[in-house]
Amino acid sequence: MPSLLVVIFAVELFVQLVNTIGSATINNLLWRIALSLPIPLSSEFAAQRKKQKDYLAIRRELNATSSQDEFAKWARLRRQHDKLLEDLEKRKKELDGSKTKFDRTLTTVRLVATRGVQWFLPFWYSREPMFWLPYGWFPYYVEWFASFPRAPLGSVSIVVWQWACTGVLTLVMETVMAVFGLVVATRQKQQEKQKAKQAVPAAGAGEDSKAEAR
């Protein structure tokens with residue numbers, strides 16, 4: 001069984017990643033992965049896409065057919081068009097319901113795996129020392145705070161270790177995102193400068209051609 005130190009750190013890291021990436025982005029990514037798997041749901045969506053292609057093809061043919069000159073063909077296409085449209089709307093409601101159910105299931109699992117574990121572990125292991133502080137190195141009030149709420153005095157409790165992991169990971173995530181944003185902004189500025197340099201010679205060539213024409 002992995003150490004509680006590692007488990008707490010892994011849970012807090014997972015929470016920080018979810019908060020940074022965003023639950024909606026994760027749900028959409030997992031939804032796309034699910035649709036790529038050989039399951040009945042992916043088959044239903046493949047059938048839905050095929051019907052959409054058929055519907056668009058019939059719609060284009062219907063628009064290209066005259067209701068006066070080719071009434072029989074137009075009426076047949078119109079019936080097929082209306083039938084496919086009704087079927088698509090019905091299937092869309094069913095598939096949207098599947099997507100909503102999928103999102104709710106993921107949200108429940110994510111809450112249990114993050115918030116539930118965050119609350120359960122400190123409650124269950126509140127008396128368990130994560131590690132011991134060097135004897136005599138810290139004053140009493142530091143040892144008392146480190147062992148809060150019910151760990152042995154002189155040790156670091158699971159609650160304090162959890163707070164420390166959260167603080168450090170939050171700082172690291174914010175630093176990484178700030179560096180990433182700075183890199184992206186720098187690249188955008190470089191691309192804008194390159195476009196500006198390319199536009200200047202083109203403008204100069206246009207002025208030279210006008211001067212020669214004069």
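In case you wondered, yes, glycine gets a Cβ from its N, Cα and C as well.
Counting residues 6+ beyond its ends, the signal peptide (1-20) has Cβ neighbours under 8 Å at 26, 110, 113-114, 117-118, 121, 125, 128, 130-131, 158, 161-162, 165-166, 169-170, 173, 177 in the same chain. Annotation comment: TrEMBL describes 1-20 as signal peptide.
Annotation comment: TrEMBL describes 1-4 as topological domain 'Lumenal'.
Sequence-distant contacts of the coiled coil (78-105) (same chain, six or more residues past either end, CB-CB distance under 8 Å): 27, 31, 34, 41, 44-45, 47-48, 51-52, 54-55, 58-59, 62. Per TrEMBL, coiled coil is recorded for 78-105.
Look at TrEMBL and you will find 130-148 (among others) tagged as transmembrane segment.
The transmembrane segment annotation in TrEMBL covers 160-185 (among others).
Marked as topological domain 'Cytoplasmic' by TrEMBL: 173-214.
Per TrEMBL, region 'Disordered' is recorded for 192-214.
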Quiz item: Any idea what the model's mean pLDDT is for the coiled coil (78-105)?
Solution: 88
Quiz item: Cβ under 8 Å to the transmembrane segment (130-148), counting only same-chain residues 6 or more beyond its ends: which ones?
Solution: 4-5, 8, 154-161
